[in-house]
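Right, one structure below, let's go through it.
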Amino acid sequence: MLSGSQCCQIRAWIPVIFIALVVCWSYYAYVVELCIFTIPNTGEQIVYLIIFHLSFIMFVWSYWKTIFSKPANPSKEFCLPKADKEQYEKEERPESQQEILKRVAKDLPLYTRTGTGAIRYCDRCQVIKPDRCHHCSACDMCVLKMDHHCPWVNNCVGFSNYKYFILFLFYSMVYCVFIAATVLQYFIKFWTNQLPDTHAKFHVLFLFFVAAMFFISILSLFSYHLWLVGKNRSTIEAFRAPVFRNGPDKNGFSLGFSKNIAQVFGDQKKFWPLPVYTSLGDGHTFPTRLVNIDPEQPTVDIQPSIKSNAVDGQANPRPLSESQNRLLGNDQHYAEDHVNRDTIKTDEDQTVTVTMESES
């Protein structure tokens, strides 16, 4: 007898099984019914089969990686120490609990807050949430840079597999549009009775409709996520702007179009089309666009020549990874960023470079 949780787990795989069955049928319909039984020209068959299998392999590869890439979770340093955890659970007043969280979080690279300005803490996972991290009720875990939970992959789309998800959408469209384009002439011939009625007729007619339908539906989703990547926002942040210490800012993580793309796909363009991991950063901390000076953080001089563990004027206790340093580097200037720079003098004669990105 299956328990309730086991039934839910099985039910969650139904959309994935449905997609797998449709893909298997489309493979049979295209390779066997169309290319072998319908297309008379051998040269046309070979060309179609080569391109079809290339798109099929990339589509299945990216879909597989999206499904089976485990969502990234916060590291142990974001968990409360045992003594603080016990004290937190004993406290009944939210103000006292927040004081405990602030004491623990003061050495963590946290720049976002709740809507009320409190430290973001997950009572379910008992962890302080890193920036852009959210709890997924379907996965029952906190997911780094969570975008959304996708039932079609039965997985949370976030930091660990967002690139794979974008490629999955892209290669799905390529797969569908190639099938629809190459099937079209035979679809018309069957529809107008220029070809005799055979068992291939149903497969060819239905194959065109299914490919066209999936292409249209995926196109809107793919376009939306490309827009999100260009703005450096997740789906959650698009609906609810992240709240920094100085207030909400929908563009708080935007570094300019080129660097936003690089944060997801990496800085080596030759790997962009491949579903292999090339995203920049560690998922726990992200470079931010400095909109206002944060009064709670010490001011530092952010210059390319000075190797400082700081992110846009905010002291960062976590050493920046090589990929984050590349994102924050000012060696390359992109025309599309439209960046204006101002210099602010502090009381201690320290210089802070404020980067303001204009939105087109």
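Placed from the backbone N, Cα and C atoms, the Cβ positions cover glycine too.
According to TrEMBL:
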- 12-39: transmembrane segment (TRANSMEM)
- 45-64: transmembrane segment (TRANSMEM)
- 119-239: domain 'Palmitoyltransferase DHHC' (DOMAIN)
- 164-188: transmembrane segment (TRANSMEM)
- 200-224: transmembrane segment (TRANSMEM)
- 308-360: region 'Disordered' (REGION)
- 333-348: compositional bias 'Basic and acidic residues' (COMPBIAS)
- 351-360: compositional bias 'Polar residues' (COMPBIAS)
Does the transmembrane segment (200-224) reach the transmembrane segment (45-64) with at least 3 CB pairs under 8 A, where each pair is 6 or more residues apart?
no
On the 0 to 100 scale, where does the mean pLDDT of the domain 'Palmitoyltransferase DHHC' (119-239) fall?
96
On the DSSP side of things, how many residues of the domain 'Palmitoyltransferase DHHC' (119-239) fall into helix, strand and coil, could you say?
68 helix, 16 strand, 37 coil
